[in-house]
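> Before I ask anything, let me first share the structure, which is written out below as structure tokens.
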Amino acid sequence: MLIFLSVDTHFVIVECFITSISDFFPKLFRKPGRHEIFVLIICSSFFLIHLTLVTEGGIYIFQLFDYYACTRAFNYFMALSECLALAWGFGADRIINIIEDMTGQRPSVFFKVCWRYIIPLLSLNSFILYLVDYTHLKINDRYVYPDWAYALGWTMTLSSVLMVPLWAAVQMCFTAGTFRQRLSVLLHPVEDPVSQRRKMEEDGLHVELRTVQLVNTPRKDSSPVGGNCVHWHKLPWATCDNTWNTAKCLGLQTFNSANVSVKHTNTTSAATEFWEQRVLAMSGGIEELGSVRWELALCLLACWVLCYFSIWKGVKSSGKVAYFTATFPYVMLLVLLIRGLTLPGAWQGIYYYLYPDLKRLAHLEVWIEAGSQIFFSYSLTAGTLNVLGSYNEYNNKCYKDCFWLCLLNSGTSFVSGFVVFSVLGFMAQKQGVSVDTVAESGPGLAFIAYPQATALMPLPHFWTVCFFLMLILLTVDTHFVIVESFITTMSDLFPKWLRAPVRHEIFVLVVCLSSFLVHLTLVTEGGIYIFQLVDFYGSTRVSMNFMAVCECVAVGWIFGADRFYNIIEDMTGQRPCVFFKLCWRYIIPLLSLISFILYLVDYKHLRINDRYVYPDWAYALGWTMTLSSVVMVPLCAAGQMFLTAGTFRQRLSVLCRPTKDLSCQRRRMGEEGTTVELRTSVV
């Protein structure tokens, strides 16, 4: 069986190489006599070369060849290059049209998403992980190759990888024009093959489409398993034998093997030290910013570059990106959920998640925190929903969209709880402690507790990649939506300056570049202290609850809940329930005001790990960030009062008087043959 499998793989690889060369030089190698001679020369040459593999030291050459000649780096790089060439250079839509013309069936849109986003992203991620996790080849962990052998191995690897940029450089050299013109010519697809075939069939001709793949050499004769093996190593946050670990470090294996009755005092986990010492390189406090962590700075730059190209064309480009960034995390969430539920001890964590502590429910603070979670989860009072909703058509079913938004958001949060607590239950059983002992909050859950749990699973690298890939997509999606909200707001305030095609792209570039430079302070050695300060004070319950009261007063009382009802009914054809009027006028303002007051009464200074206390100037800076949002409302109101003519009472009456009913305006403008665009500007 092995012989037949290896022979089959062997002659397919050789046939690919021969076909590729024959397609490049058809006049030389496609004639009957010459083709057979060419095949004979190829097979004879390979036989002579492969004689080195059957010498007494041939196994060392074979292992070197197998490890470097067709590595994961080559496979992932070629996969990335092919997807970029086909989906972006040639065009995914053109490929789908060709397939539809060939088969009579149009492929699913999922394939386009795979060609454009999923496969390139996964390939790039695997390519980087391979380079980061690379270790030299050893035979049975004893024999170490000489340096020239490793150099030869990497030469074989690069000989394949460099073919793509070298071939592109050669084509650029032989194309006339400036650099931009050459690039445009090379990236411009030829006439659609479907159109070519139809035109040639009308003339009584046929065209044969052949995909030519340039193969470096037949790299893997009859050992397809060896070159595709994944070499799993221990995760760096699972052990204490790393350069950044201290004497207080406690590895997972050490903890699990210890008697659970013994309390490990004055120790830190390996995951905590990896996060604080290796990733963050935490300084002593916010006064000691230290140097920039360039690894984190490059990651930050990549995020802002991705953000720029996601929103530089407005909501049309960001909407297309959101198809992937907003849906693919659900795939990762489902994978992690299935894995979490199958772990031993998972139901212990789920029981802890679902079974309420009635004593805690009696505390008012719990309900206030729950309300704050709703504000953060739904991005209420942040302006993002207003900005994105402003792009909808007037007759959009916003009533139905609101219900779907609430259902999906709350449902996702509920299911995510199963993903997290099933893993925490597994981790608690492994360590012999209760679930509340291993549970973390804030960054600790994402970067300490969950990675610690994946280190205890089989195939830890795979589950770690799945988890962090989900986190990256979620944060990127949230990231560019917030930036898009700010850019849309400024464009609405200054449309003549910022809505022109070229000016808009420049403005987006300036915003992203400025934000990147500001955020560099967050990736310094003391950046985590700034991050926690901004997170605690920058968007607090104070500002959110205050803005909620202001919005409800403006909509429910000044503009008028009944007028708002009429507009929604005119837009959707359905009149909302009277419960919403009660919420806008009484329930939400009252609850937000109570939460606002209780936060001020129960306020406590921010501390890091209950140990580090910020200096007074840091707390002053934090409250300045909080008040910068709260004070904007009375400042804008005072500015409008100042710019309006009349007495104080007349000014207040003019500013609080709503404009003519929007539904009436729309009907009148529709009769005149014109349309009106509704856009909400949010500061």
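Glycine residues also receive a Cβ, built from the backbone N, Cα and C atoms like all the rest.
Whatever TrEMBL says is automated annotation, not expert-curated.
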> According to TrEMBL, Ser377, Leu474, Asp477 bind Na(+); so which of Asn395, Asn396, Asn409, Asn545 is the extra one listed there?
Asn409
> State the disulphide partner of Cys249 as given in TrEMBL, choosing from Cys229, Cys240.
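Answer per TrEMBL: Cys240.
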> Of the residue ranges 299-321, 621-643, which one carries the transmembrane segment annotation in TrEMBL?
621-643
> List the Cα distance (Å, whole number) between Leu474 (Na(+) binding site) and Cys240 (disulfide bond).
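One finds 31 Å between the Cα atoms of these residues.
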> Sort out the residues at least 6 away from either end of the transmembrane segment (582-601), same chain, that have Cβ-Cβ distances under 8 Å to it, and list them.
364-365, 368, 371-372, 540-542, 545-546, 548-549, 552-553, 555-557, 561, 564
> Which secondary structure state does DSSP assign to Cys249 (disulfide bond), in the simple three-class scheme?
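SS state of Cys249 (disulfide bond) = strand.
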> Residues other than Ser377, Asn409, Leu474, Asp477 within 8 Å, Cβ to Cβ centroid, of the Na(+) site?
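Surrounding the site, in chain order, are Thr412, Thr478.
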> Please give the sequence-distant neighbours of the transmembrane segment (331-354): residues at least 6 beyond its ends with Cβ less than 8 Å from one of its Cβ atoms.
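Residues packing against the transmembrane segment (331-354) from afar: 412, 415-430, 435-436, 457, 463, 466-467, 469-470, 473.
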> Where, among 74-92, 113-132, 462-486, 506-530, 621-643, do we find the most CB pairs under 8 A to the transmembrane segment (542-561)?
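Most Cβ pairs under 8 Å with the transmembrane segment (542-561) come from 621-643.
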> Can you tell me how many other Cβ atoms are located within 10 Å of the Cβ belonging to Asn409 (Na(+) binding site)?
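Result for Asn409 (Na(+) binding site): 14 neighbouring Cβ atoms inside 10 Å.
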